[in-house]
Amino acid sequence: MSSDSGAGSGVIHDIGFRHYEGPRLGRGYLIRSLYADSLRGCYGLGRSTKSKIMPFLLLLVMTAPAVIMAVVAGVLGLDELPLDYVSYIFALSSAITIFLAAQAPATVSRDLRFRTMPLYLSRPLTRNDYVLAKYGAMSTALFILIAVPQTALFIGALLAKMEFWPNAKGWAAGLLGAFLLSLVLSGIGLLIASITPRRGFGVAAVITVLLLLTLVSGVLSALSYENDQAALSAYFALLNPVSLVQGVLVWTVNAESTYPEPPPGTLGGLVFTAVMLLVIAGSYALLAARYRKVSAS
């Protein structure tokens, strides 16, 4: 019996595949796409309904008091808002912290857990590009969370026929606070969350670290103030990321401090600003170093 399976019997069929010769979008497009997808993910857009509940609930928690304050001020005919723009941010800092703790792990833990980093790095996207996109997305998400109620306060003040320029200056100061706080908290939150691929552990770690820093800073500041160490009391606020930004705003836009003692004079303001910039740059550098250790295979 003869066989038809001899050597050289295979056939190559030309089915029309050709090399792509069109324009390539490059790294910039990849960074923007990763940034946009990560930002949408922070608010659950493009994901399940369950993923949208927490971020939009916190956005409501942040915005509802601003709307209520503006309405009450308009009805009562007040000349100014019951709470100024910058103070409003720090009055609701707990909601901001919860948002960060919930979304920072979701932003970075998923890729670590499911080992998708090799897929990103198989394209002309560097590890630094990845970190830049994630940092930018988390910062933007936090900025939106803080800036929306600030804008609601401003619009409400105008509708209540309050003076324009004082409210415009207050709104600008509030947006500055939103920008700085977003950068500081995003760096810290992403750095902590990137340590573990487990989202639950990341959430717990972010909350624990920020809570401990707040408690230690507050206790040491209060004890120092009670023992007539006002300057030392002010500098203990450096330990808390939220009060760190508040100290910068106290110096730059004359905001009110929730600590017993504000930063002492120009020197104190410069120290708070320098530490804040160091925290932002250091968090980014450590996050980049963390991802240089992530396997690309």
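Residue 1 is the first one shown; counting continues down the chain.
Every residue gets a Cβ built from N, Cα and C, even glycine.
TrEMBL does not curate its annotations; it predicts them automatically.
What TrEMBL annotates here:
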type	residues	note
TRANSMEM	53-78	transmembrane segment
TRANSMEM	85-104	transmembrane segment
TRANSMEM	135-159	transmembrane segment
TRANSMEM	171-195	transmembrane segment
TRANSMEM	201-223	transmembrane segment
TRANSMEM	235-253	transmembrane segment
TRANSMEM	265-287	transmembrane segment
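Touching of the transmembrane segment (201-223) and the transmembrane segment (265-287) is ruled out by the presence of fewer than three CB pairs under 8 A, sequence neighbours closer than 6 excluded. The transmembrane segment (235-253) makes no contact with the transmembrane segment (135-159): fewer than 3 of their CB pairs lie within 8 A, with pairs spaced 6 or more apart in sequence. Below 8 angstroms of C-beta separation, residues 34-36, 38-39, 41-43, 55, 58-59, 62-63, 65-67, 69-71, 73-74, 80-81, 85, 88-89, 92, 95-96, 99-100, 103-104, 107, 167-168, 170-171, 174-175, 177-179, 181-183, 185-187, 189-190, 284, 287 of the same chain, each at least six residues beyond the ends of the transmembrane segment (135-159), sit close to that stretch.
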